[in-house]
Amino acid sequence: MTNQNPPVLLEQNHAKQAFVGLQMLFVAFGALVLVPLITGLNANTALLTAGIGTLLFQLCTGRQVPIFLASSFAFIAPIQYGVTTWGIATTMGGLVFTGLVYFALSTLVKIKGAGALQKVFPPVVVGPVIIIIGMGLAPVAVDMALGKNSTYQYNDAVFVSMATLLTTLGVAVFAKGMMKLIPIMFGIVVGYILCLFLGLINFQPVIDAPWFSVPEITTPEFKLEAILYLLPIAIAPAVEHVGGIMAISSVTGKDFLQKPGLHRTLLGDGIATSAASFLGGPPNTTYAEVTGAVMLTRNFNPKIMTWAAVWAIAISFCGKVGAFLSTIPTIVMGGIMMLVFGSIAVVGMSTLIRGKVDVTEARNLCIISVVMTFGIGGMFVNFGEVSLKGISLCAVVAILLNLILPKAKNTPIEENR
């Protein structure tokens, strides 16, 4: 892989590294805290586990890859279902085991090469599953934007959520430079200010919260049903991880798929995810926003991500930060979520397009159709006390159909890359 850009001096003094690291955390901050706020997890804990997860990832990769790990959007709906069905502790127990998916894929890549992932999880499998992740969350976004199950008046809810959505859209489309990377942050700020003028903010939790507070740690509990439900969901973000590593490789001009190797980056992501769940935080994933910031600032030094992780851990011990985040009205988050969740579905569509999946071919048509119908229609399968439904069922069905249905004779067999 060649680098089109002139080389960048990696050596910087610690003060500059710390400042740029804080800048990287700021870029990731909006999306990082959005996941716990939506799912009911603790925002300070999410900051803590993002920092720890990034440090563990760096440990596994020899601190060679300038990438930041934080809360994964792919797990929002499963966490919401798990918390409602089994509680936070059991949901965390199931999420601990999702790291095993990364471990298994890491081993597969180590033995068979990176091309093995493409054969087991081709775009026709991953694409529709990602679409279902986004579409399954759409009703949640709309309900929050309309102020359902809350004390907000309909007119206030629609006004604030639409203003938030339009702000986020505007920044994402028209902003330049670093501003373009933080549309979620701008949307939250505008929505929050509007809520202030409407008298919808209660600052009492912030006043009561201490400056220093240990993040809320949840000890995981393990239940087979929760584990089996959550395991398959890790497939989509694990495969997307490959795209994240390819993106940062392109930005820096270094082939991280070869050194430190995809098997090590997958292992690092898996350990980060399991560690986060052990502490009560959401699973981690690579952040494209931070990769974009690396490209803009041309700071390719992996030590910057060490500083970003340290900042995240330090801020997680400030009780007033978590209390302030808890005051963000759900109608503000609803406006942002309508764009975010829709964009997840678009990523799934993009996966199919980039993979040049012929949807008119009978085999591909059957796989995509069944997965989409199962996901949107709410299909579930019971095995005694164990139930498969939603994204987990869709992932299992997509994999099985891909393995069972014969490939067209004129379909070229991809070689290991």
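Positions of Cβ are set from backbone N, Cα and C atoms, glycine also.
So that you can see what the record holds, here are the features copied from Swiss-Prot:
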| type | residues | note |
| --- | --- | --- |
| BINDING | F73, E240, E289 | uracil binding site |
| INTRAMEM | 365-400 | intramembrane segment |
| TOPO_DOM | 1-13 | topological domain 'Cytoplasmic' |
| TOPO_DOM | 38-41 | topological domain 'Periplasmic' |
| TOPO_DOM | 83-90 | topological domain 'Periplasmic' |
| TOPO_DOM | 112-123 | topological domain 'Cytoplasmic' |
| TOPO_DOM | 146-154 | topological domain 'Periplasmic' |
| TOPO_DOM | 171-177 | topological domain 'Cytoplasmic' |
| TOPO_DOM | 199-223 | topological domain 'Periplasmic' |
| TOPO_DOM | 248-260 | topological domain 'Cytoplasmic' |
| TOPO_DOM | 319-331 | topological domain 'Periplasmic' |
| TOPO_DOM | 354-364 | topological domain 'Cytoplasmic' |
| TOPO_DOM | 401-416 | topological domain 'Cytoplasmic' |
| TRANSMEM | 14-37 | transmembrane segment |
| TRANSMEM | 42-61 | transmembrane segment |
| TRANSMEM | 65-81 | transmembrane segment |
| TRANSMEM | 91-111 | transmembrane segment |
| TRANSMEM | 124-145 | transmembrane segment |
| TRANSMEM | 155-170 | transmembrane segment |
| TRANSMEM | 178-198 | transmembrane segment |
| TRANSMEM | 224-247 | transmembrane segment |
| TRANSMEM | 261-280 | transmembrane segment |
| TRANSMEM | 281-297 | transmembrane segment |
| TRANSMEM | 301-318 | transmembrane segment |
| TRANSMEM | 332-353 | transmembrane segment |
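Helix, strand and coil residue tallies for the topological domain 'Cytoplasmic' (354-364), in that order: 4 helix, 0 strand, 7 coil [DSSP]. Of the binding-site residues E240, E289, E289 has the largest number of other Cβ atoms within 10 Å of its own Cβ.
Residues 144-147, 183-184, 186-188, 190-191, 194-195, 198, 200, 329, 331-332, 334-336, 338-339 of the same chain sit 6 or more residues outside the transmembrane segment (155-170) yet have a Cβ under 8 Å from a Cβ within it. Taking the topological domain 'Cytoplasmic' (401-416) as a whole, pLDDT averages 68 in the prediction.
The transmembrane segment (124-145) shares more Cβ pairs under 8 Å with 332-353 than with any other stretch in the list 65-81, 261-280, 332-353. The stretch from 42-61, 65-81, 91-111, 301-318 that makes the most Cβ contacts under 8 Å with the transmembrane segment (261-280) is 91-111. Below 8 angstroms of C-beta separation, residues 76, 79-80, 83, 88, 140, 280-282, 333, 337 of the same chain, each at least six residues beyond the ends of the topological domain 'Periplasmic' (38-41), sit close to that stretch. When the topological domain 'Periplasmic' (146-154) is classified with DSSP, helix, strand and coil residues number 1 helix, 0 strand, 8 coil. Apart from F73, E240, E289, the uracil site neighbourhood in this chain, defined by C-beta within 8 angstroms of the site C-beta centre, holds A31, S72, A74, P237, G244, T285, T286, Y287, A288. Secondary structure counts, DSSP: the topological domain 'Cytoplasmic' (171-177) has 5 helix, 0 strand, 2 coil. Within the chain, the topological domain 'Cytoplasmic' (354-364) has long-range Cβ neighbours (under 8 A, six or more residues past its boundaries) at 122-124, 127, 405-408. Contact between the transmembrane segment (14-37) and the transmembrane segment (332-353) is supported by 3 or more Cβ pairs under 8 Å, counting only residues 6 or more apart in sequence.
The stretch in closest packing with the transmembrane segment (91-111), judged by the count of Cβ pairs under 8 Å and taken from 42-61, 65-81, 224-247, 301-318, 332-353, is 224-247.
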